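Trainee: Please find one structure pasted underneath; my questions will follow.
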Amino acid sequence: MDRMEELGFRSETDRQIFREAAAPVELSPFGLHSGMFVPTLERQGTPEQSRKWVPLGKSFKMIGTYAQTELGHGTFIRGLETTATFDPETQEFILDSPTLSSIKYWPGNVAKTVNHCLVMAQLYTQGKCHGTHLFLVQVRNMEDHTIMPGLEIGDIGPKLGFDGVDNGFMRFNKYRIPRMNMLMRYAKVLENGDYIKPKNAKLTYGAMVMIRVFIVMDAFKTLSRAAVIAVRYSAVRRQSELRPGGEEAQVMDYQTQQYKLFPLLATSYAFLLAAEGMSQIYAKISSDIERGNLEDMPQLHALACGLKAFCTWVACEGIEVCRMSCGGHGYSHASGIPKIYANIVGACTYEGENTVMMLQTARYLSKCYIRGQRGESLPELIQYLTTDLNVKSTLGEDCSFESLVAAYSHRAARMVAVACKLQQTNKKKGMAGHDAWNKSTVPFIAATKAHCHLFIVRNFVTILSQKKIDPATHNVLSQLCTLYAVYGIVENMGEFMQDGYFNQDQVSILNRKVLALLEDIRPNAVALVDAFDYPDHLLQSCLGRYDGQVYEALYEYSKSSPLNNTDIHSSYYNYIRPMMQKRSESKNISAKL
């Protein structure tokens with residue numbers, strides 16, 4: 001931390017890159033503190049609260065995390081059971097875990113690292129529940145780090161990944177905190193116990209929206225690192241003869257390998273630009289919210305939920321493809337890929353389980369569809385819902401950006417319409433509203449994926465058309481953008497052809513275009529992964545080394561195995577030799593008989 005101050009890092013992006021370089025692959029135990037705890041104090045606390053607490057957080061005198069998930073509830077925030085009951089006589093909130101399932105479970109770094117925690121709890125005052133709110137809770141003594149009386153805290157044990165993060169559990173037993181420890185920027189509890197509600201209940205969800213923006217960037221970083229490893233290794237690895245009698249070919253020269261990896265390379269670039277685009281939207285809408293303009297808040301929430309789910313799903317699937325593209329060596333930790341996978345796969349369930357996230361976006365799309373049918377104006381990102389579905393594709397041999405964006409807009413508009421019409425049909429059959437919704441959620445998930453896919457394609461195209469980029473770089477990025485869009489159509493062709501949007505000739509054009517783009521990208525593939533500028537120290541991969549010395553690195557890695565510290569392992573003396581001797585003795589006895 002001191003070193004970052006010495007270097008003058010002020011941008012959170014720069015600070016995050018530096019932290020990753022200090023602890024490659026492993027997540028920092030202070031990641032949630034810097035990325036969620038302090039920003040939430042800044043955005044959710046009153047000016048007085050921020051002035052008091054934020055300097056303590058930034059100086060690491062106060063180290064904190066965020067506690068929402070419980071044993072029995074996670075994504076369903078309204079179902080949380082931890083209570084915070086206001087006591088007007090003492091001007092305190094009493095935090096309690098009334099049931100076993102109400103124990104806070106999974107908060108990162110709560111087990112051993114932090115001394116404070118932002119706790120999401122059901123607010124009770126004057127005998128009435130006002131829903132979930134955030135409370136700043138001291139969990140350990142600031143002098144000797146002992147657990148505060150009235151709390152039970154511990155670690156939850158080994159996990160699939162995140163070995164550097166002490167995820168824990170926390171149980172409250174009538175634990176008291178001052179009234180002013182409730183974050184009161186939007187909602188308030190007065191000294192007499194009166195509750196002042198916020199202008200919009202979703203204002204208190206700002207911290208979760210922010211972290212979902214970060215997760216989209218994490219999806220880019222993890223997928224791109226796996227792509228770097230797989231592409232570099234494919235350039236080094238030689239296997240079989242591509243031409244009879246010729247030398248063994250680079251694996252990357254096989255079209256099947258290119259079809260596996262180059263679309264993921266394109267996806268990495270698409271996700272990077274999508275994450276940056278989403279960050280800009282978040283900054284703009286957050287600024288509007290600060291000025292009291294809440295009009296675009298539902299759009300921001302829907303976009304954050306949808307992209308968080310879409311990008312983490314795609315990243316996990318893509319990383320697994322990268323691992324298998326490395327052959328048997330990809331299964332070894334020496335490849336670096338297993339750690340990358342383990343560290344992103346959790347994002348499919350933390351900070352909102354992906355299916356639930358998709359359905360939250362779907363509800364927003366459903367409302368927008370109804371508004372569009374009424375002729376009402378729609379937000380810019382959703383205006384595609386008014387697309388004329390009778391119009392067919394004009395795609396030609398060039399697969400222009402305009403025709404590709406039109407195709408994705410048509411697909412998303414059609415699929416949203418199909419899901420909404422099914423929901424409406426269910427209602428007409430006499431189903432209750434909630435049952436009609438539940439019976440249409442599968443097509444709504446598919447429609448939401450199409451919506452997110454459209455955003456990423458359109459964002460990529462928009463950046464290429466608006467940014468000043470030198471011609472050579474623009475040409476290569478255009479190839480990647482086209483590959484991302486065309487490959488997405490080919491792999492989901494049924495959704496684009498269901499209403500005859502493409503004709504057979506256009507389908508043939510798209511299939512040819514994918515294969516042609518593989519050839520176009522091949523000469524620049526290694527340069528394109530090098531452009532991510534991940535140092536070997538960060539990748540922690542024998543296969544993805546910048547210098548290509550893969551086999552030397554694998555040999556040295558294998559020699560470093562702890563099992564090689566002795567010639568004969570203790571298991572030989574304890575188990576193998578006794579077993580062999582016993583078998584030998586049995587044979588001797590049989591021979592005598």
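From the backbone N, Cα and C atoms, a Cβ is placed for every residue, glycine too.
Okay, so TrEMBL annotates it like this:
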- 21-63: domain 'Acyl-coenzyme A oxidase N-terminal' (DOMAIN)
- Thr69, Gly108: FAD binding site (BINDING)
- 205-365: domain 'Acyl-CoA oxidase C-alpha1' (DOMAIN)
- Glu351: active site, proton acceptor (ACT_SITE)
- 401-581: domain 'Acyl-CoA oxidase C-terminal' (DOMAIN)
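Could you place the listed features in the three-dimensional structure?
Mentor: Sequence-distant contacts of the domain 'Acyl-coenzyme A oxidase N-terminal' (21-63), counting only residues of its own chain at least 6 positions beyond either end whose CB sits under 8 Å from a CB of the stretch, comprise 1, 12, 15, 108-109, 113-116, 118, 134, 136, 142, 162-166, 180, 183-186, 204, 206-207, 210-211, 214, 286, 336, 339-340, 343, 535, 537-540.
When other Cβ atoms within 10 Å of the Cβ of Gly108 (FAD binding site) are tallied across all protein chains shown, the result is 23.
Looking only at the domain 'Acyl-CoA oxidase C-alpha1' (205-365), the predicted model's pLDDT averages out at 92.
Around the Cβ of Glu351 (active site, proton acceptor), a 10 Å sphere holds 24 further Cβ atoms from the protein chains shown.
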Trainee: Please give me the CB contact count at 10 A for Thr69 (FAD binding site), counting all chains in the structure.
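Mentor: Summing over all protein chains shown, Thr69 (FAD binding site) has 20 other Cβ atoms within 10 Å.
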Trainee: Report, in whole Å, the straight Cα-to-Cα distance of Glu351 (active site, proton acceptor) from Thr69 (FAD binding site).
Mentor: 9
Trainee: Please spell out the DSSP helix, strand and coil residue counts for the domain 'Acyl-coenzyme A oxidase N-terminal' (21-63).
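Mentor: Taking the domain 'Acyl-coenzyme A oxidase N-terminal' (21-63) as a whole: 28 helix, 0 strand, 15 coil.
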